[in-house]
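Student: Encoded as structure tokens, here's the structure I'll be asking about.
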Amino acid sequence: MGNWIINHGLTSFILVVWMGINIFLFVWFYLFYDLGDDYYYTRHLLGSALAWARAPAAVLNFNCLLILLPVCRNLLSLLRGSFVCCGRTMRKQLDKNISFHKLVAYMIALMTAVHLIAHLLNVEWYNNSRRGVYDKLSTALSNLEDTDNTTYLNPIRKTDVDAQQTPTYLVFTTIAGLTGIIITLALILIITSSMEVIRRSYFEVFWYTHHLFVIFFIGLVFHGAGFIVRKQLTTDPPHNFTLCKDRIEEWGQIPECPLPKFGGGPAQTWWWVIGPMILYLCERLLRFIRNMQTVQYRKIVMHPSKVLEMQLVRHGFKMDVGQYIFLNCPAISQLEWHPFTMTSAPEEDFFSVHIRSAGDWTDRLIDIMQHLPEGAQGPKMGVDGPFGTASEDVFDYEVSMLVGAGIGITPFASILKSIWYKFKTSNPKLRTRKIYFYWLCRETHAFEWFADLLQVLEKEMEERGMGDFLTYKLYLTGWDQSHATHAWVHFDEETDVVTGLKQKTHYGRPVWDKEFEEVRQENPSSVVGTFLCGPAVLGKVLENKCAKFSDVDPRKTRFYFNKENF
């Protein structure tokens, strides 16, 4: 329980607070519209659907305020740097920005559905009241001031339209109706294109459709200006609905019952979203400015398994280990930006990325680079970043477990390079005394581009008498009998037949219980940071193992799980 509180306590607290605010807003506004005197006559026309429409609208406003903040990456990186003094538990929350972004989006989708269904019922009941289907009070309220002024209650103003077509006419001829259709369609496209299968297989569809959020927010700001839901205004003398609701024929005839007057607004949504919209505009402006800065190619290398390495230089660029950048190649697309973790170390005078073939954009980039003349500069490249990640905290732990799957090795390449430079300069600030490194790959060729770095580190540690500092295990998860036979024949050789390293390649997947138990036995009183850059399924496994093997006694071994999120 103590380990769970340390790893998930603050996250759970934030979620409870967020959900609590949502529930409070829903209940508060539901009761406000369900019990408020100003909406008595409106409730007579619409019933409980009035409160069911307005309460979700309040929750929508709150979540639309939040939805842009988790994707203001420069703001998050700034906060991450400011939170250094607040401990890693606080900083870990910022690494879950995309998860929170999705959670808020789900709430927006749910509240939109409730809001939409309630208003569909409202339109139907407005129409029936206008046609005199219900009681005399409903008819009288619907007929009030049937002119061009603004004191009416029922927004359906025309009776010369067919009764069956009136709801459609209202939806397509009013500000609230038109903007409601636009933002609902935009939201449906945004959410459906964000599904994992679409995002992984057709990233361009996800990318372009996601930018409908601009239309969504514009429509949202104007949606409330339609004043479909109206309340009773104060008149002189006042219209007392308690007395007058049963004396319809005397409205305007006696001082006690003047004609009731109604009005809408003011529109409040823009109060909620204007701040995040300005922050996001600043974010995009900063991206535009960075895109204008010149980026030069220092080196372009094609590695096996269609992995492209680009070493880039930009004036004033500063990075930390494990950070990532967004790349834009106008020759491929003017608008698309893709995230890539940097594989260079902060001590180097360039920054590099390794890009695996994983879709149309990466395939086209690799194709362009393969057809470049010898020594030529590549196409113009825009760079936005760097942005902070969980891997930045790796040197805050005495012991670190680094787990990479496939191209997920990239943040750890930066970390291991930085360690190598720190040892070369005998950096006294290096707290880390032990690193366990695990790399899972399906193909033998995938090891080749990274094996050179491991060989250098292996040699460096041995020369300094620190051979135990780095323990690494490479796992080949995709193999056949010929691989196994070849490895068995060369088993007695000093170096591995796959990687050329002294550490032999393992076939299959790690037995994580055994690995965690081994780390715990070798570090009986340490705080161990477990870092993953890989699939969510593996993340769940490692997170459970961290909880399982953490000791209740804070003086003994404890594991903290960290995962890269983009």
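Quick reminder: no glycine exception, Cβ is built from N, Cα and C everywhere.
Annotations per TrEMBL:
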type     : residues : note
DOMAIN   : 287-393  : domain 'FAD-binding FR-type'
TRANSMEM : 12-31    : transmembrane segment
TRANSMEM : 51-72    : transmembrane segment
TRANSMEM : 100-121  : transmembrane segment
TRANSMEM : 169-193  : transmembrane segment
TRANSMEM : 205-229  : transmembrane segment
TRANSMEM : 269-289  : transmembrane segment
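In terms of burial and nearby residues, how do these features look in this structure?
Tutor: The list of residues near the transmembrane segment (51-72) in space but at least 6 beyond its ends in sequence, with Cβ under 8 angstroms from a Cβ of it, reads 18, 21-22, 25-34, 43, 97-98, 100-101, 104-105, 107-108, 111-112, 114-115, 117-119, 122, 217, 220, 229, 268-269, 272-273, 275-277, 279-280, 283.
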Student: Within the same chain, where does the transmembrane segment (100-121) have neighbours whose Cβ lies under 8 angstroms from its own Cβ atoms, ignoring anything closer than 6 residues to its ends? I mean 6 or more beyond.
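Tutor: Residues packing against the transmembrane segment (100-121) from afar: 15, 18, 22, 46, 49-50, 52-53, 56-57, 59-60, 63-64, 66-67, 70-71, 167, 180, 184, 187, 190-191, 194, 228.
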Student: Residues sitting near the transmembrane segment (205-229): Cβ under 8 Å, six or more positions beyond its termini, same chain?
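Tutor: Long-range Cβ neighbours of the transmembrane segment (205-229): 42, 50, 53-54, 64, 119, 122, 155, 174-177, 179-180, 182-183, 186-187, 189-190, 193-194, 198-199, 263-265, 267-270, 273, 277, 335-336.
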Student: Tell me the residue counts in helix, strand and coil for the domain 'FAD-binding FR-type' (287-393), as DSSP assigns them.
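Tutor: The counts are 21 helix, 39 strand, 47 coil.
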